[in-house]
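Undergrad: I grabbed these lines from TrEMBL:
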- 263-285: transmembrane segment (TRANSMEM)
- 329-353: transmembrane segment (TRANSMEM)
- 359-384: transmembrane segment (TRANSMEM)
- 396-420: transmembrane segment (TRANSMEM)
- 432-455: transmembrane segment (TRANSMEM)
- 486-509: transmembrane segment (TRANSMEM)
- 515-543: transmembrane segment (TRANSMEM)
- 555-574: transmembrane segment (TRANSMEM)
- 586-615: transmembrane segment (TRANSMEM)
Amino acid sequence: ATVCLDSPKIYNRGLEKRLISSTIELFVNRLDSVESVLPYEYTAFDFCSEKTMERPSENLGQVLFGERIEPSPYKFEFKKPVVCGKVCMRTYSTNNPSDKAKLDFLKKGMLLNYQHHWIVDNMPVTWCYDVEDGQKFCNPGFPIGCFVTEAGRSKDACISNFNEKDAFYIFNHVDITIYYHIVEHEQLGARLVAAKIEPKSYENPNDDKPDCSGGPKFLKNKHTGEFKITYTYSVNFAEDKKIRWASRWDYILESMPHTNIQWFSIMNSLVIVLFLSGMVAMIMLRTLHKDIARYNQMDSVEDAQEEFGWKLVHGDVFRPPKKGMLLSVFLGSGTQIFIMTFVTLFFACLGFLSPANRGALMTCAVVLWVLLGTPAGYVAARLYKSFGGEKWKTNVLLTAFLCPGVVFADFFVMNLILWGEGSSAAMPFGTLVAILALWFCISVPLTFIGAYFGFKKTGIEYPVRTNQIPRQIPEQSFYTKPFPGIIMGGILPFGCIFIQLFFILNSIWSHQMYYMFGFLFLVFIILVITCSEATILLCYFHLCAEDYHWQWRSFLTSGFTAVYFLVYAIHYFFSKLQITGLASIILYYGYTMIMVLIFFLFTGTIGFFACFWFVTKIYSVVKVD
């Protein structure tokens, strides 16, 4: 069960009003669609709205994901059923340009299958329907309406009696059932455990006094003149003795597709990892053990002259890499991302960032990233000093601004597109300023502090001295050339994560809830192990082939997993999504590039440090003259 951090509200009718609420408020969130990346606010579609009440405050994560929660005119009294209550009426005239624009926008919403997301007592209002194999699927959203084409083909949301061709059917009525659970130890009232909805469409012959009768309400595509929509609702209350308040989200999460694939994918990944670890351990321990024993037994000068394998390059293995500045900056940012991911996933596993805590995951990640400037500055400075670099000011500035700057620039361009399209995901100017303030006023000074301590410390002590003259690298075979190794290195880590990747992309682009953080944390650990092992293995082969340029190669070997991630994201776009419209396509790839860059720095850093540890370890146990 998911741990929910919202406290239970008690409802009752007619008893002490001081303790207990009898009014149930319904809140509306932004509308989104699987066919478009652009979410829109509820008010953008000209539905019935509540002007008087204040909006609930949103956290940073909600704003970043475009969530806009607003009060609605739908208000219910606990245990007081309503049949066909009128909410409001909207009248449009196609001769009025403003009305025509509103109607066209409503049509566009139905054409792209935009979905409402309503909230009662911090629970999503769900639309449950039967899918194949007699299973029930509970969708935390329901459509505005549906479109029937000229050929008579209808979209998913359409019900069988919608047979008017080239018409838009509007769901202008909702049947809401609110389920409650009587609290035994508090004999005063009840807690709400579920809210389910059934969208319907009624013509209503008399719009002023609707009776929820007549055929479905439709709007012909080429309609001219006046058009009225009356919005109505019915509400019922039912007691549910089985669902407890603490596990009230479970019915939604259990109906989510593919939960059972998770165990299979984890077992699959674990088998790969165990197999890999066994191989690595066998090769490493046996071969290395033999190598080290043999190298340490060489007493005679003749033997020493016939050195071979990785011991030959002991005088060059710690030679500073080319472009050491860039590598140290990447490793600083990668360390920041690694710690941020680890802590965020750890908190998510403990249940602090459940779906009931809207936007908590993103808020937690951003705040952690800002506070982790110190390790980034420290790692970058310490490594840069070890690489023999002296331009420390440039190093500090690049660590503070290069990678965050690229992410922010991409994000800013995406925000401009969202703003131009009038989407609710466009970040308000104030939030943008707040994020810049977090970056410049907290993250950057912390990076400087970290770098100060990194430069103050002495450089990393290497177990062997570096020769004055660089050693000639012999002609390499195809397999030990840099590029084939880098390409091979990314395959295994990607193989371990790609099933999880499918669920994560689904939760971002297909608006499905993601709550399996336990699985994700396990996959995170598996990814770290696989990246480390694959890089160490390839690093060993390259050193045996007398190629001592391991620093950049180890970073790129595991970092190449991000390229496979990009390829998978492109495949996912064409095979799973029905996204249309240029703005949506640009946004999809823009946001994907941010994820790819973060993933590249994250995996590359794991590879580098694994290889660094390995090289230091093996050269420290060998006697070098």
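Placement of Cβ uses the backbone N, Cα and C atoms for every residue, glycine included.
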Undergrad: Considering pairs 6 or more residues apart, do the transmembrane segment (263-285) and the transmembrane segment (486-509) have at least three CB pairs under 8 Å?
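TA: These two stretches do touch.
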Undergrad: Can you find at least 3 Cβ pairs under 8 Å between the transmembrane segment (329-353) and the transmembrane segment (515-543), where each pair is 6 or more residues apart in sequence?
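TA: Taking Cβ pairs at least 6 residues apart, the transmembrane segment (515-543) and the transmembrane segment (329-353) are in contact, with 3 or more under 8 Å.
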Undergrad: Against the transmembrane segment (432-455), which of these stretches has the most C-beta pairs under 8 Å: 359-384, 396-420, 486-509, 586-615?
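TA: Against the transmembrane segment (432-455), the leading stretch is 359-384.
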Undergrad: Under 8 Å for C-beta pairs, could you tell me which stretch among 396-420, 486-509, 586-615 has the largest tally with the transmembrane segment (359-384)?
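TA: Against the transmembrane segment (359-384), the leading stretch is 396-420.
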